[in-house]
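So that you can see what the record holds, here are the features copied from TrEMBL:
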{"type": "DOMAIN", "residues": "29-291", "note": "domain 'DUS-like FMN-binding'"}
{"type": "BINDING", "residues": "Pro31, Met32, Val33, Gln85, His184, Ala238, Arg239", "note": "FMN binding site"}
{"type": "ACT_SITE", "residues": "Cys114", "note": "active site, proton donor"}
Amino acid sequence: MIGDIVETKLCQPKDPMDLFHSGQVVKICAPMVRYSKLAFRTLVRKYSCDLCYTPMIVAADFVRSAKARDSEFTTNKGDHPLIVQFAAKEAQVLCDAARIICPFADGIDLNCGCPQRWAMAEGYGACLINKPELIQDMVRHVRNQIDNPRFSVSIKIRIHEDLKRTVDLCQKAEATGVSWITVHGRSVEERHQPVHYDAIKIIKQSLSIPIVANGDIKTLKDAENVHHLTGADGVMVARGLLANPAMFAGYEETPLKCIQDWVDIALEHGTPFTCFHHHLMYMMERITSKQEKKVFNVLSSTSAVLDYLNDRYGV
C-alpha cells in the first residue's frame with residue numbers, strides 16, 4: 001500500500017460531484033467484498049466506468065491497525081475518482097478513518113445497506129436505516145472535520161417496507177450535507193425479489209441531491225432503462241460488472257480483449273490466484289460451455305490458467 005500511496009500523493013484528487021453535473025448518467029462500480037479491489041477497478045475504468053468504490057472496510061479496524069490498512073486499501077494515481085466505503089457506527093471513528101483516507105481518495109461512503117447477519121449484529125450496514133439521527137451525526141462529523149470541500153460524503157441504503165420512512169431518512173441525510181445517496185431498491189429482507197424501481201423514483205422526486213439507482217442492472221440497456229424509470233442521476237452495478245467488466249462500454253458479453261486486459265492487469269498487480277481465477281470464472285460464464293467450465297473452474301495455478309486461455313482463445 002505505501003508504495004502505491006506515495007505515488008497517489010502526486011495525483012490531484014477529483015471531485016466526484018463534477019460527474020453528476022455532467023448531464024450524463026454516472027456509471028458506477030459497486031463496493032463488492034473481495035472483488036472491487038484495485039486491479040478490477042483498473043479494468044472497469046478502461047471500459048467506460050466513471051466512478052469506482054472500494055469493498056466495504058470496517059472503519060474501527062482500519063483506524064486501529066496498520067495491517068488492516070495495508071491489506072484493505074491499495075490505490076494508485078490512475079485510480080480516480082475513488083470512493084472508499086466504510087462500515088461504521090460511531091461518528092468519531094468514521095471521521096478518523098475519513099481523515100486517514102482523505103489524501104488518497106475522492107470521498108467516503110457510509111454503508112447503510114449491507115443485509116448480512118454479522119454486519120447487522122455488529123450495528124453496521126442496513127440496521128442504520130432505522131437510526132437516521134446516527135447517520136446524520138456521522139455525516140455531520142465528517143463534514144466538520146475534513147477541510148477539503150471537494151471531498152464527498154455519501155451513503156448507500158436499502159428501503160423500508162414503509163417508503164415514507166426511507167424518504168424521511170434521505171431528507172434528513174440531505175439536510176446534513178450528504179453529497180448523494182445510492183438506493184438499493186430492496187428491503188433488508190428481500191434478496192432476489194424484483195427491485196422496487198418505483199420507490200427509487202419517489203425518493204429521487206423527493207430530494208434535490210443526486211440519487212444513484214442500484215439493483216439488478218446487468219447490461220448497458222438495463223442501465224438506460226433504470227435511468228428512464230427512476231430519473232436517477234447514476235447507476236451502480238455489482239454482479240453485472242463481474243460477469244462483464246466491459247458492460248458500460250456497450251458489450252453484451254465479455255470480449256476477449258477484456259479478458260486479455262484482465263490477465264495483464266492482474267499479473268501486473270500481483271493479484272492472488274484465487275481472486276484472479278474467480279474473476280475469470282465470472283467473465284467467461286456466458287462464453288463457455290458446461291464442459292469447458294468443468295475443466296476451467298478446477299484449474300489450480302496461474303500457469304495452468306494462462307495455458308488454457310492461450311490454447312483455447314489465443315489470449
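Just so you know, glycine gets a Cβ as well, placed from its N, Cα and C.
Keep in mind that TrEMBL annotations are predicted by a computer and have not been checked by a curator.
Just so it is clear, the model here is predicted, and its values are computed rather than measured.
A C-beta separation below 8 Å, combined with a sequence spacing of at least six in one chain, links Arg239 (FMN binding site) to Lys218. Confidence over the domain 'DUS-like FMN-binding' (29-291), given as mean pLDDT on the 0 to 100 scale, stands at 97. Long-range C-beta contacts of Pro31 (FMN binding site), restricted to its own chain and to partners at least six residues apart, with a cutoff below 8 Å, comprise Tyr53, Thr54, Pro55, Met56, Gln85, Asp109, Asn111, Lys156. For His184 (FMN binding site) paired with Cys114 (active site, proton donor), the C-alpha to C-alpha distance reads 10 Å.
Within the same chain, residues at least six positions away from Cys114 (active site, proton donor) with a Cβ under 8 Å of its Cβ are Met56, Ala87, Met120, Tyr124, Gly125, Ala126. The Cβ neighbour count for His184 (FMN binding site), using a 10 Å radius over every protein chain in view, is 27. Its own atom aside, the Cβ of Ala238 (FMN binding site) has 20 Cβ atoms within 10 angstroms in the protein chains shown.
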